[in-house]
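Visitor: A single structure is presented below for examination.
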Amino acid sequence: FILRKWILGKSVSATSFRLTEKFILLLVFSAFITLCFGAIFFLPDSSKLLSGVFFRSSAVETNTRTGPDGSEPGSAGNDGREANPGTPKPGRDGPKSRSYRRYAWGSNELRPVSKQGHSSNLFGSIKGATIVDALDTLFIMEMSEEFNAATEWVEKNLDFNVNAEVSVFEVNIRFVGGLLSAYYLSGKEVFRQKAVELGEKLLPAFRTSTGIPWALLNLKSGVGRNWPWASGGSSILAEYGTLHLEFMHLSKLSGNQEFAQKVMNIRKVLNRLDKPQGLYPNYLNPNSGQWGQHHVSVGGLGDSFYEYLLKAWLMSDKTDEEGKKMYYDSLQAIETSLIRKSSGGLTYIAEWKGGLLEHKMGHLTCFAGGMIALGADGAPGDKTGHQMELAAEIARTCHESYARTALKLGPEAFRFDGGVEAIATRQNEKYFILRPEVIETYMYMWRFTHDPKYREWGWEAVQALERHCKVEGGYSGVRDVYSSNPSLDDVQQSFFLAETLKYLYLLFSEDDQLPFDHWVFNTEAHPLPVIRKEQTDRPNEVE
């Protein structure tokens with residue numbers, strides 16, 4: 001797509017790009033991502049087409065956002081337990097590139113080393129998570145044939161009438177978010193119908209004494225519960241706080257205001273509670289309406305709650321004043337209590353446990369650089385410049401977490417204590433599962449500053465993915481980014497397709513590709529349009 005624009009002679013201002021010859025070649029590279037998406041889904045034997053070309057195989061869905069084996073699912077983070085048993089990586093130039101279509105079409109996931117389908121308990125017996133997660137990416141990359149094939153699968157095979165327990169959070173961000181985005185981009189009615197159908201099946205999760213939803217829900221019986229490991233049966237901030245964008249759109253598209261009422265009630269519950277030092281603990285009991293363990297994190301268990309406060313305001317065409325105030329107040333509390341600078345000059349976001357700081361920053365937390373940059377223009381007072389500086393400092397720290405590893409890929413978490421900075425010191429924090437958060441921040445920082453270093457850093461990540469994660473059947477996570485010969489976890493996460501590749505594509509695209517004044521990305525990188533006042537429900541008018 002980018003290459004085509006260059007061939008057609010679309011002008012790019014010198015002030016915007018200031019690129020070296022080398023960097024122009026990097027831009028041309030982004031065109032290959034589109035080419036390779038076809039191989040991800042549809043080519044049974046694509047070795048000749050994709051020899052020497054990046055992203056040549058299929059993408060799949062993760063067992064969980066929180067770790068490689070899905071043992072402790074929940075929010076966008078967990079304690080980082082070990083990955084699935086790895087398998088030695090075949091040579092870089094294997095004889096064939098196998099596709100998702102060939103080995104796992106309709107399955108939720110693919111194992112790229114063992115070349116077989118895989119499903120996790122996060123989705124119960126719902127199928128096709130990878131297909132739904134990739135719909136908007138296929139559309140954005142103008143791959144109409146592949147998009148139409150995926151659409152046909154959704155029409156004929158996507159079924160939510162299952163007697164199974166699902167993660168409300170994961171099903172919402174991946175399935176509901178993916179279907180909504182596909183509808184708004186394409187206008188195809190099937191996506192709207194499926195999104196509303198699934199949204200209605202999730203509503204029983206809110207049947208608690210406070211209206212704070214359960215984490216897990218049986219879609220047939222409507223019976224919900226929370227993760228047994230969550231503090232005293234608590235609901236998790238990043239889960240119940242990451243429904244707002246999708247549910248507001250469900251109300252708009254269905255005419256059923258119950259969706260909006262459910263998520264607005266969550267704010268009412270939160271606003272009645274005292275916040276320790278202005279912070280939101282990660283655990284909240286849905287029956288008592290009281291905080292659980294006082295653990296605060298902008299990474300796992302907390303992250304996307306803050307993201308959705310800001311994006312709810314932006315998505316409302318900046319009319320959601322409550323969401324705006326909650327976001328900027330919480331950001332101020334985070335800066336006061338959690339953000340620190342190391343002796344080496346690296347700014348990081350620590351975690352807060354019962355009044356004590358743990359000087360650890362997760363890969364998941366690295367999304368915050370992009371979030372802070374996105375919200376800087378609306379910052380109160382004269383804080384816009386300060387917040388942009390803070391966003392740049394966080395981006396730099398996250399880049400350092402990559403640069404200080406053997407593979408030039410970032411660990412799941414890195415620490416600032418014991419004489420180390422931006423380095424993982426525990427074995428169960430050294431893995432990399434193709435996460436998107438660092439690339440996400442690079443993309444936002446590029447859009448707002450056009451500083452070429454963010455594209456250069458993105459290109460470094462591309463080279464590392466190609467060198468260390470590519471296998472014959474796809475791209476796999478690795479178990480130790482500090483090892484020169486790491487084992488693989490044999491999982492290619494669905495967010496690699498929905499987020500990592502999409503953010504890379506946008507990093508090397510022009511700014512008019514999904515402009516921020518028209519679109520807001522959900523936490524799975526599914527673009528949702530800004531809701532203007534007095535709009536109709538036609539997708540081309542919701543921009």
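Even glycines carry a Cβ here, placed using N, Cα and C.
Got these off TrEMBL a minute ago, pasting:
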TRANSMEM  23-43  transmembrane segment
REGION    61-98  region 'Disordered'
ACT_SITE  Glu170  active site, proton donor
ACT_SITE  Asp303  active site
DISULFID  Cys366-Cys398  disulfide bond
ACT_SITE  Glu412  active site, proton donor
ACT_SITE  Glu437  active site
BINDING   Thr523  Ca(2+) binding site
Visitor: Count the Cβ atoms, other than its own, that fall within 10 Å of the Cβ of Glu437 (active site), considering every protein chain shown.
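Guide: I count 26 other Cβ atoms within 10 Å of it.
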Visitor: Could you give the Cα-Cα distance between Glu170 (active site, proton donor) and the residue listed as 'Ca(2+) binding site', in whole Å?
Guide: 10
Visitor: Within 10 angstroms of the C-beta of Cys366 (disulfide bond), what count of other C-beta atoms is obtained when all protein chains are considered?
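Guide: Cys366 (disulfide bond): 31 neighbouring Cβ atoms within 10 Å.
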